[in-house]
């Protein structure tokens, strides 16, 4: 081993995946050179210094989307342009992600992404509710749309983590930017978004819809149902690195079972929820979300996360595929059948979960630990579930609609 003793490069390091201590092999203390140069250690995943900052970065998109939605909803009662504008904004934000090198720029790109999502999601749901007037068909169509959302969530984490591990940060965002540009081009040539004629009926004001307790219950189910997975987004990878010493590509793969099960759940219950009762589907889903998230911290390896994460995604699919259609049904039953504002409320509820979840979740996990964070949100979901009973047979307000019509239309309605 004389050659090893004469060259500092012979100092070979073994970095433990479970701690940061460095152990040496092939090292002879008596033959050590007087001033060896420390070898370059291969980087290992280390958690960020501040979980709160990571949570705020995740939450910024949803927070901006919450602020933007009340303006997009009424606009969708008259225009189709926001659905196209949304993807243009998403393209710009994705390019910013690719080349941002500071927390401030990433925060700005994430916030701009919220504006684009507000335009596209509210416009898309409102368009589906207007085209599919039958309640069963509407539920099926919205289930397919949520399945498209699930596909994005399904492909996103493993796609991003694997490319980041083996190619770099810029590549996945450039690919996503190209896909967003392609999608916008399809909308431009197929949907031809233009100004359309104003609605024959004036939509119910947003504040009036917000005062409806049944709409608030449905919105609450969407919010709290998605808050569990929202809290896991910034905290689960950190917890995995600290307890399982997971590699970067494994951090995205861990969410794969939830994404697959969400895709399955939305497609199954898009139709089934109408038959079994959407209130019952949401109630069971909320309980399943609560139980599943409580079980997440009991996993001791990435394989142990498969079952609880699968349960989380499947249960959220049950909640979303039942509550999104019921929002349109409640407007038909109790208000005027114009859907821009009510789906703005639904999207606000969805985004509130993804805004409060990461921002609050990061601080809670930093203070009392990841296990207690999952326990708290699990209990909240289980306690909220019984409120879905009120959606079993919500009363209509037909008399208000009849009284607002002209006398001739009222007489014709009474005769039929």
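Glycine is treated like the rest: Cβ placed from N, Cα and C.
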Range among 43-65, 342-364 that TrEMBL annotates as transmembrane segment: 342-364
Feature transmembrane segment in TrEMBL, mapped to one of the ranges 370-391, 392-413: 370-391
Surrounding residues of the transmembrane segment (305-330) on its own chain - C-beta under 8 Å, 6+ positions past either end: 125, 129, 135, 138-139, 142-143, 146, 150, 212, 214-215, 218-219, 221-222, 225-226, 228-229, 232, 254-266, 268-270, 273-274, 278-279, 281-282, 284-289, 291-293, 295-296, 298-299, 339, 342-343, 345-346, 350, 391, 394
Chain residues in Cβ proximity to the transmembrane segment (279-299) (below 8 Å; excluding those fewer than six residues from its ends, i.e. six or more beyond): 218, 221, 224-225, 228, 231-232, 236, 239, 269, 272-273, 305, 307-309, 311-312, 314-319, 321-323, 326, 370-371, 374-375, 377-382, 384-386, 388-392
Contacting positions for the transmembrane segment (342-364) when only residues 6+ beyond its ends and CB under 8 Å are counted: 51-59, 61-63, 65-66, 69-70, 72-74, 76, 114, 118, 121-122, 125-126, 129, 204, 206, 209-210, 215, 218-220, 222-235, 320, 323-324, 327-328, 330-331, 335, 372-373, 376-377
Non-local residues, at least 6 beyond the ends, that sit with Cβ under 8 Å of the transmembrane segment (212-231): 58, 62, 258, 282, 285-286, 289-290, 292-293, 312-313, 315-316, 319-320, 323-324, 326-327, 330, 334-335, 342, 345-346, 348-350, 352-354, 356-358, 360-361, 365, 373-374, 377-378, 380-381, 384, 387-388, 390-391, 394
